[in-house]
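Before any comments, here is the structure.
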Amino acid sequence: MATSTATIRNDDDQQTSATPLELSTLNGNAMQQNTIKLPPRQYERRERLIIIKNVIIIGLAFMIHFTAFHGTSNLQSSVNADKALGTTTLAVIYGSLILSNIFLPMTVIRWFGVHLTMSLAFFAYMPYIAAQFYPRFETLIPAGLMVGFGSGPLWCAKFLTLTLAGNETDSQSNSSSQLVGELCGARYCPGIGSEVNPNLIPPEPAKIQLLNSIFLVCMVIAFLLMFFGVNSLKRYGIKRGETEEGLSGLKLLTATVNLLRTRRQLLILPITMFIGLEEAFLAVDFTKSFVACGWGISNIGFAMICFGVANAVAAGFAGGLAAKLGRTTLAALCAIVNLSLLAYMLHYTAQPNDYIKYCTFAAVWGICDGVWLVVVNAFYGILFPKNLIAGYSNFRLWESTGSVIGYIISSQLCTSTKQMLLMFVLLIGCAGYGYIEFHIRKKQKHLENMLKE
């Protein structure tokens with residue numbers, strides 16, 4: 001195995017040796033390892049505080065930014081339902097995200113640096129919100145492409161930043177009830193509109209524009225926080241400039257494709273795609289089939305608040321629970337809860353204004369989504385420690401593929417069919433995940449036995 005140390009230029013165009021975050025590319029049957037090395041020094045307390053401050057600001061900026069983005073996206077299937085404009089835009093976003101994940105991350109990061117990449121990527125989301133003031137195919141589709149192409153570099157830059165930070169810090173009436181029961185929930189099918197169910201009447205345009213204005217302001221705040229509040233990572237060895245042997249778009253594509261030749265990557269694909277599928281189902285189908293149809297479009301926000309709070313809490317505690325219970329046990333519990341939720345929702349008869357059930361569904365969904373994201377993200381880092389960028393690129397690639405499939409079938413299939421598809425993919429995904437965990441434990445025990453001997 002040949003190893004080379006990359007030379008890069010910093011923000012002041014000075015040549016420096018990148019010094020032990022390892023990024024590897026696979027080339028056929030041989031592996032060529034390109035290494036960016038971080039300076040081997042202990043950080044003082046002040047430096048640790050700067051790292052912690054950066055992590056907090058990044059988390060705050062992402063929370064504000066994606067509150068606005070997902071808040072807008074969750075309304076697309078209901079507010080921009082004419083000619084499936086909303087769902088088509090979402091499909092375009094995640095379709096372009098697939099290409100973005102393959103070709104753009106390391107090229108953009110080398111050009112602009114990690115910090116500026118995240119800031120510019122935030123800015124790329126803003127036209128999508130602005131286009132909501134004049135929702136047409138000619139405005140939303142280009143804006144959706146900007147979101148998709150900006151998202152790939154954004155998430156890879158975030159993964160790099162947080163991985164580095166973690167390393168360095170060590171750390172109504174009866175008739176209405178009958179109508180809702182017959183048409184909503186799992187029984188909902190595309191084509192049911194406001195002429196049949198008054199709950200699906202969109203809010204007044206003035207209210208939608210006010211909401212879009214709030215979301216746009218949120219994105220501006222997030223951009224300013226990211227641009228001015230986060231320190232450049234050049235002090236830690238991640239600097240702007242081109243590498244001689246770095247992961248270009250073509251090399252990243254090669255590394256990503258080569259990972260697909262490994263059994264581990266193939267086995268973890270179904271659970272990765274399930275995450276994208278369930279996120280698309282929540283954003284489009286749950287919000288419209290359950291909440292909007294049974295409770296009203298104006299109440300989607302309340303249900304999604306429950307989802308967001310539960311999602312944040314679950315993601316925050318998932319790491320600690322995995323350490324205490326074991327990663328496999330936590331994943332198994334999450335799978336049982338997720339399957340039970342989907343099965344219950346499949347047989348649930350929707351009731352008008354049954355806000356307790358709708359918010360509970362959203363909250364439990366948020367818990368499962370938060371756990372899956374943490375567990376599967378961390379698992380990619382364990383499976384591909386020498387191919388972090390290609391591994392995370394594959395994660396976003398196949399998660400986005402799942403989302404695209406979810407958005408495409410949204411306007412074609414009834415909700416019950418999509419729920420059964422989710423259950424099937426989840427079962428396949430759990431089987432693949434469990435198989436990998438079994439073999440990892442088997443190898444660990446074999447190694448322990450060898451060391452004892």
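Here the Cβ of each residue, glycine as well, is placed from N, Cα and C on the backbone.
Note: TrEMBL annotation is automatic and uncurated.
As the structure is a computational prediction, the values presented were derived from the model and not from experiment.
Features reported for this protein in TrEMBL:
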- 51-72: transmembrane segment (TRANSMEM)
- 84-104: transmembrane segment (TRANSMEM)
- 111-130: transmembrane segment (TRANSMEM)
- 210-230: transmembrane segment (TRANSMEM)
- 266-284: transmembrane segment (TRANSMEM)
- 296-318: transmembrane segment (TRANSMEM)
- 330-350: transmembrane segment (TRANSMEM)
- 362-383: transmembrane segment (TRANSMEM)
- 419-436: transmembrane segment (TRANSMEM)
Are there at least 3 C-beta pairs under 8 angstroms linking the transmembrane segment (419-436) and the transmembrane segment (330-350), leaving out pairs fewer than 6 apart in sequence? yes
Please identify the stretch among 111-130, 210-230, 362-383, 419-436 with the greatest number of Cβ pairs below 8 Å relative to the transmembrane segment (266-284). 419-436
Return yes if the transmembrane segment (51-72) and the transmembrane segment (210-230) have at least 3 CB pairs under 8 Å (sequence gap of 6 or more), otherwise no. yes
Folded-back contacts onto the transmembrane segment (419-436), same chain, C-beta under 8 angstroms, at least six residues removed: 186, 264, 266-274, 277-278, 281, 328, 331-332, 335, 338-339, 342-343, 345-346, 376, 379, 383, 402, 409, 413
For the transmembrane segment (362-383), find every same-chain residue at least 6 residues outside the stretch whose CB is under 8 Å from a CB in it, and list them. 163, 264-265, 268, 271-272, 274-275, 278-279, 282, 286, 291, 303-304, 306-316, 318-319, 322, 327, 330-331, 334, 337-338, 341, 391-392, 394-395, 433, 436, 440
Using a Cβ cut-off under 8 Å, which residues of the same chain at least 6 positions beyond either end of the transmembrane segment (111-130) come close to it? 11, 58, 61, 65, 68-69, 72, 93, 140, 142-144, 146-147, 149-151, 153-154, 157-158, 160-161, 212, 215-216, 219-220, 222-223, 226-227, 230-234, 238-240, 242
